[in-house]
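Trainee: First, the structure itself, so that you have it in front of you.
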Amino acid sequence: MNRSVCLDTTCWSALCLASPADANWTLLCAVPVSATWSCCGYSHYHQVFPILLWVTFVLVTIVFHRRSSIFTDIVLSVDDLHDIRTQALGVVVARQKRVIFGKARNDPRRLFMLVAMWFELIGFSYIPVQLLVFQYTSGSFVGQFSGATQWAKFIAFSLLLIALEVCPLHWWPPRWVQARDKQLVPLLYDLCYTTYLYAVIDFGGCWNGVDNVHFLDGTSCASSSRYWVFPTLATVVFVLLYWGTLDYKLRLSDDIYSVQFRYHASFNGIITMARTLGSVGFYTVEKCLLFLDPLLVSACFSVINLITFATLLAYNFTHQPCLGVGYLPNNLRSLSFATACYVSVLLGVVSVVQMCNHRTMWGFVESTLVLGWAGLYPVFAIIIWRWNGRRALQYQVPNQPLLELLRHANYRVRAVAAVSMVLEEVTIDTPEIRALLLALDTTLHSAPSTDHGRVSVYTCQAMWHLWRHRFERVDTLVESKSEACCPFGLWVKSRFSGPSLALVEPQVSRHRNSSPRRSRRISDVASQLGRKASLGQLVEQTTCRHGIFGVKAPISIDAGMFRCLSHTITVLTALIRIDSAKTRFVAAKIMFEMYQARHVRLTRDSMVRVAITRMASAPRLTDATSAAETLLLLLNEEVTKKERMRLLVVAFTDQLTALHLTEALACHVWEASIVVELLRLLIDALTTFMLDDAGVALPPPMSYLSKPMVRHLVTLQSKWPANVIFGMVDHIFVVMRQCCKRFEARHKKPSYVFPKSAHELMERSEYKVVVERQRTRVDVLASVQWILAEGFAGQKPPAQLSLKTRRVLQSVSTRLATHDTDLLAYLESNLSEPQCWYLGGLVGGALQDPHDVDVPETEQC
């Protein structure tokens, strides 16, 4: 290696390892520098800090995730990630803060984030570019800061880190608090994070010229007497910086004020990891170049870097993780990831060419490849930008008025605009309100099932909001004129539900320009919830009861408006039956509010579905209990036996309805009596299906029975080990299997019970245990009935019972003494109270004095 081209520490260290004959290492080792560690007996210094960094990085990442679950959301689907209601909340907050979608005038954090993302375009490709330069110059890097500059950056940023992480907030002057949160914190943890991290690593490793700065006694960080101070101090600073950055990104993701330009916490954590790995990785590569073949290091790194950033590119394209107005950030991130892949491929090709030609010097072929690759990069960048841009536009909310958003070609944009109408109260005149209503109705006609019905259901929610708040009350509507509808007042009132919605009638506001006290800005509500408030909870609070009790000046409804409202009810009738849980939750909430406000009378079919769905989706247990009591009231008291059977068939031949019932039972803490009554409904329905006594053609059992349903029932069973509920769940499992077997026998089709696929409801071994428990209950109950038939009427003691009955009593006593307590609960549920007292006396006496029921040996023979 030519000493004349050695421009950095890595080159000198490699030269040291080569040990040229003309070098006087005794003289060179007299002044310790990191470049001569390998020749002066301190070669292990090269391995200490890299190992320490990697171990610390892994441990901090694991500990932070266990404390905050920061990476949990990485598995969310794109639909769950870009929740329509959360996007709408971001639009409202941006509008109320006088922000043009995504361009916050008073919040510089967006600017820091954008500039940092532009730096990523270079930073993620920094290592492969430096390795290409290393091969071109035969052993040197370019563009690195001097040792004195690294010292200055380390000291300056460390003082800022101490001020942010160590100094309590009350130490800061009040006028500096906002500057701290909006400027200094993002400056350190976002914009200058990588710059500071490189300085920390060079300082801790005494690398890249840091050892050129000497202390007063002439020593430096490379001296053996001072070396250990630097990696120790740098590791502490690294922990503070990395932990602080992860915590800042987590808080930024949960901050309601950054919704208009926001990444979810998991992706922010991944990007922080990528930035950290870039800095630690480059330092590790520099050390590997000292001891390994540079071409082999370059080739291996190119593969690792390509796989890493190709994975990030694929995730960024499929999920578009920037929420809200994310066209520019999502495109910029895709370009950064794609550029890193692009340069990594070039590095790998150049390294393979050099290894194949058995040379280490840069040649014509390598130069041609690099120049060609660089010339094609603009074309590559444009292709990537347009390729990702088409995907990003699907989740982009443009800067347009509300009415234009409701007419947008993208139905998701229409849904976001519809939800924003519910979240925000705006002053608009009558013609504009009518135009909004017509635009919403157009969406209902053109997108009935778009995005699993979510576009339609949020549009219906906006229609109901206008109907309830802006229009005069019309005569009561019925969901269907051809079916019987439930009377008003059937819904059991919750203890904490507040006054009836029907008590509030439209009234003209006396002060149109003044907001009522209950109407507060969304951003004010957000500030009260704190930095770590759940956006989903905020949206749910705002859309659940916000605006229900306040009404603006009423507008008269003409025939066209009436048709729009009637069509809304028709759409909701279809949405409450759609195969999407989220859509059903919102549809059930709207129909419940319509019914409670005495605007719409629901059919019995819809009332059953609404009640079961509200059991699973109601935000409070009292509301869920109210829904359960309403369901029981309707099916047990308000309808005939034949109609009850029909409603059970309609409800429980739908998989989501059955699933929601079992989910509600498993997730809430109910009173035992309510659980028993609800399980009895399910048993009655399944028994009807098993006997094929419904009078209509039934679908295959696997269309309404599912594994999640079984899991919920098992969870419910575990909550009631000593109750009749335990045995009722076992009975349900048995009836489920019989439904499948009898359907198979009737239709002569392949087994629906234990197929060789994922449709199995229960494992064979689990079902055998259930059957054994159920058989034991039946056998014991039959034995008890035998004992009661002989002795209960005359209240006979054990000694007066016949020989055979005493044998039965002895067997029952043994089983009750050794069996689970659910067997006692099963017997109590099938016997009257006097029978239970009599049986308890017999069993208690038999257990206390077993000789009373002993059978003589001669009689046994």
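Glycine too: its Cβ is placed from the backbone N, Cα and C atoms.
What TrEMBL records for this protein is below:
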- 47-64: transmembrane segment (TRANSMEM)
- 111-134: transmembrane segment (TRANSMEM)
- 154-172: transmembrane segment (TRANSMEM)
- 227-245: transmembrane segment (TRANSMEM)
- 265-283: transmembrane segment (TRANSMEM)
- 295-315: transmembrane segment (TRANSMEM)
- 335-356: transmembrane segment (TRANSMEM)
- 368-387: transmembrane segment (TRANSMEM)
Trainee: Count the CB pairs under 8 A between the transmembrane segment (295-315) and each of 111-134, 227-245, 265-283, 335-356, then give me the winner.
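Mentor: If we count Cβ pairs closer than 8 Å to the transmembrane segment (295-315), 335-356 scores highest.
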Trainee: So which of 47-64, 154-172, 265-283, 335-356 is most in touch with the transmembrane segment (111-134), counting Cβ pairs under 8 Å?
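Mentor: Checked against 47-64, 154-172, 265-283, 335-356; highest Cβ contact count belongs to 335-356.
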Trainee: Need a quick answer: max count of Cβ pairs under 8 Å to the transmembrane segment (47-64), which of 154-172, 227-245, 265-283, 335-356 is it?
Mentor: 227-245
Trainee: Taking 154-172, 227-245, 335-356 as candidates, which has the most Cβ pairs under 8 Å with the transmembrane segment (265-283)?
Mentor: 227-245
Trainee: Could you pull out which residues elsewhere in the chain have a CB under 8 Å from any CB of the transmembrane segment (154-172), counting only those six or more residues past its ends?
Mentor: 180, 184-185, 187-188, 192, 195-196, 199-200, 202-203, 237, 240-241, 244
